[in-house]
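Q: OK, Swiss-Prot features for this one:
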SIGNAL    1-16  signal peptide
DISULFID  42-131  disulfide bond
DISULFID  44-60  disulfide bond
DISULFID  59-111  disulfide bond
DISULFID  65-138  disulfide bond
DISULFID  66-104  disulfide bond
DISULFID  73-97  disulfide bond
DISULFID  91-102  disulfide bond
SITE      121  site 'Important residue of the cationic membrane-docking site (MDoS)'
REGION    121-133  region 'Important for membrane-damaging activities in eukaryotes and bacteria'
SITE      124  site 'Important residue of the cationic membrane-docking site (MDoS)'
SITE      127  site 'Hydrophobic membrane-disruption site (MDiS)'
SITE      128  site 'Cationic membrane-docking site (MDoS)'
SITE      133  site 'Cationic membrane-docking site (MDoS)'
């Protein structure tokens, strides 16, 4: 549990209910979320933007788009509840916006798991200024 708290602290600046998001990624992928996704590609982590480099990076792009659609909540501060039940994420009974945030994070963690085979270690600490602008909109 202490390691997950450290993960949450290291993710400061990344949108969302950080502690829960970090746990979801760890549970779904078995990977350390900060080390493996904190600066991955063009769209993961703080300041991410640009044309996705691969399917893993596209997960981050879609996640940011999902957050842009949230209503009446602060994706940087509000916290939601969820459970890890039978190796599946189950969002708890939350207020509407926090429920939406939980669903965004759940879809993101599942997307990362489903695209583990595209994960490219050379994109792990990718320099954002080298990312090409994308015409793709949310």
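Backbone N, Cα and C atoms are what each Cβ position is placed from, and that goes for glycine too.
What's the neighbourhood like for each of these?
A: Annotation for residue 131 (disulfide bond): same-chain Cβ neighbours under 8 Å, separated by at least 6 residues, are 42, 49, 50, 51, 53.
Cβ neighbour count for residue 60 (disulfide bond) (all protein chains, 10 Å cutoff from its Cβ): 22.
Around residue 111 (disulfide bond), the same-chain residues at least 6 positions away in sequence with a Cβ under 8 Å from its Cβ are 58, 59, 62, 63. Look at residue 111 (disulfide bond): DSSP puts it in a helix.
DSSP assigns residue 138 (disulfide bond) to coil, not to a helix or a strand. Note on residue 138 (disulfide bond): other Cβ atoms within 10 Å of its Cβ, all shown chains, come to 10.
Residue 104 (disulfide bond) has a Cβ environment of 25 other Cβ atoms inside 10 Å. According to DSSP, residue 104 (disulfide bond) is assigned to a helical segment.
Of all the Cβ atoms in the protein chains shown, 16 others lie within 10 Å of the Cβ of residue 97 (disulfide bond). DSSP assigns residue 97 (disulfide bond) to a helical segment in the three-state reduction.
Cβ environment of residue 91 (disulfide bond): 80, 81, 82, 99, 102, 103, 106 lie under 8 Å away, each six or more residues apart in the same chain.
Around the Cβ of residue 121 (site 'Important residue of the cationic membrane-docking site (MDoS)'), 8 further Cβ atoms fall within 10 Å across all displayed protein chains.
Through the fold, the region 'Important for membrane-damaging activities in eukaryotes and bacteria' (121-133) approaches residues 35-36, 39-42, 47-51, 53-54, 56-57 of its own chain, all at least 6 residues removed from its boundaries and within a Cβ separation under 8 Å.
Within its own chain, residue 124 (site 'Important residue of the cationic membrane-docking site (MDoS)') has 35, 36, 39, 40 as residues 6 or more apart in sequence whose C-beta sits under 8 angstroms from its own.
In three-state terms derived from DSSP, residue 127 (site 'Hydrophobic membrane-disruption site (MDiS)') belongs to neither a helical nor a strand segment and is classed as coil.
Sequence-distant contacts of residue 128 (site 'Cationic membrane-docking site (MDoS)'), defined by Cβ-Cβ distance under 8 angstroms and a gap of at least six in the same chain, are 42, 47, 48, 49, 50.
For residue 133 (site 'Cationic membrane-docking site (MDoS)'), the same-chain residues 6+ apart in sequence whose C-beta sits under 8 angstroms from its C-beta are 49, 50, 51. In the three-state DSSP classification, residue 133 (site 'Cationic membrane-docking site (MDoS)') falls within coil.
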Q: What's the number of neighbouring CB atoms sitting within 10 A of the CB on residue 66 (disulfide bond)?
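A: Residue 66 (disulfide bond): 19 neighbouring Cβ atoms within 10 Å.
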Q: Counting other Cβ atoms within 10 Å, pick out the least crowded of the recorded positions 44, 59, 73, 102, 127.
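A: Ranked by other Cβ atoms within 10 Å, the recorded positions 44, 59, 73, 102, 127 bottom out at 127.
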Q: Of all the disulfide-bonded residues given, 42, 65, which residue's CB has the most CB neighbours within 10 A?
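A: Ranked by Cβ atoms within 10 Å, first place goes to 42.
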Q: Report, in whole Å, the straight Cα-to-Cα distance of residue 44 (disulfide bond) from residue 127 (site 'Hydrophobic membrane-disruption site (MDiS)').
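A: Checking the Cα atoms of residue 127 (site 'Hydrophobic membrane-disruption site (MDiS)') and residue 44 (disulfide bond) gives a distance of 11 Å.
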Q: Which of the three DSSP-derived classes (helix, strand, coil) applies to residue 65 (disulfide bond)?
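A: For residue 65 (disulfide bond) - judged by DSSP and reduced to three states - the answer is helix.
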